[in-house]
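The structure appears right after this line, and notes come after that.
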Amino acid sequence: MQIWVGLGNPGAQYAMHRHNVGFMAVDTIAEVHRFDPWKKQFQGWSATGRIGNVKVLLLKPATFMNESGRSVGEAMRFFKRETGDVTVFHDELDLAPFKVKVKTGGGTAGHNGLRSTEAHIGNAFRRVRIGIGHPGHKDRVTGYVLGNYVKAELDPLAGMLGAIASEADWLASGDDARFMSEIALRLAD
């Protein structure tokens, strides 16, 4: 079993924040791949299903971003999984909007959800970095990531989330390069 975690903040008021794009990604995966309904579990919401022939637990921590690692660690221990079985979907300031990159390990780049996850499970987990762009100056970062997507961004956002979900088979099978290239091809059209 793989554990795929979407990072975000719980609550309707945060639903369309750029910082919640990880939640949006796993919600779209659950819908496209017809996962079981979400249930309250592991200090968050979880849904199980299959992507290809791989069993996947989707997880949305309800602990708020800064404590996400508590939820991830609890799920990992319950299923007796290793850090390498965890994939975290998160917003990435250092990528252009709607670009998607995958890497394993690395630093947190100041992302509190990643920092918390690393503190609880180590840093050898896979990250699906979802580009939100940078507002230009570090003083504007907090307002930007905690701001809603604007109307002009909604179509590209939906296209990117759909591509992530549609190409998730590659991610589940461990072909990160193919996952990224197939998403790029879909978004180039």
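Using N, Cα and C of the backbone, Cβ positions are placed for all residues, glycine too.
With Y14, F64, N66 listed by Swiss-Prot as binding tRNA, the candidate from N53, N112 annotated for that site turns out to be N112. Following the DSSP three-state reduction, the secondary structure of D91 (site 'Stabilizes the basic form of H active site to accept a proton') is strand. Ranking the recorded positions N9, N66 by how many Cβ atoms sit within 10 Å of each one's Cβ puts N9 at the top. Spatial neighbours are here defined as Cα atoms within 10 angstroms of one another, and by that definition the neighbours of D91 (site 'Stabilizes the basic form of H active site to accept a proton') among the recorded positions N9, Y14, H19, F64, N66, N112 are H19.
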